[in-house]
């Protein structure tokens with residue numbers, strides 16, 4: 001797996017630059033596809049700006065146009081157990097937390113209705129690292145790869161990457177969410193039961209200690225980053 005914390009830098013002051021999107025899907029072969037081929041084009045495709053309202057319907061996939069973007073996006077075919085990923089359009093520069101979730105897509109991955117219920121489960125996460133009370137992170141990584149769970153049942157899915165930038169997260173609404181959703185058709189699956197299941201939006205209130213956090217002034221009893229959302233499904 002490729003984490004985005006491989007080359008580390010120490011956070012000592014807020015960063016104001018470095019917005020990004022996740023337009024490219026990484027196929028099992030390692031091929032990086034073109035922009036917005038298998039990933040739904042997002043509203044920030046020009047600005048690269050984040051989502052900050054965790055209660056907004058846009059928080060799910062941040063599509064350019066929910067009714068049309070899904071149908072204009074291709075669906076990638078992969079197998080359960082394959083290693084796939086996302087590539088950002090620039091370095092994942094802001095310090096924070098990253099996770100990947102999936103949802104069965106009904107009636108299909110290219111449907112605007114896909115992922116609208118309590119159907120999402122987490123398959124991967126990267127927690128920020130802290131050394132001597134300071135967060136350390138990679139300032140150069142663009143690619144994030146992970147494994148589709150081997151026991152995941154066959155079918156069509158949405159695959160959602162989310163990086164939560166924490167550099168200005170000390171007040172409510174300050175955390176920045178960088179989001180992308182790919183459309184998948186999973187073959188050669190198993191008979192696992194994914195979970196815990198959550199809704200998006202609905203998975204966060206914005207007051208979670210892993211979202212509302214001052215990474216520059218941690219409490220003396222800080223023991224590690226508390227990841228928000230459900231636990232990773234070990235399927």
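Including glycine, each Cβ sits where the backbone N, Cα and C put it.
For the Cu(2+) site, Swiss-Prot records 19, 94, and the single candidate of 157, 172, 178, 204 listed with them is 178. Between the listed residues 29, 151, Swiss-Prot assigns O-linked glycosylation site to 29, with no corresponding entry for the rest in that record. As annotated in Swiss-Prot, N-linked glycosylation site applies, among 191, 221, to 221. Within 10 Å of the Cβ of residue 181 (disulfide bond) there are 32 other Cβ atoms, across all protein chains. Look at the recorded positions 29, 176, 221 and count other Cβ atoms within 10 Å of each Cβ; 221 has the fewest. Proximity to residue 94 (Cu(2+) binding site), judged by a C-alpha distance within 10 Å, picks out 167, 176 from the recorded positions 29, 167, 176.
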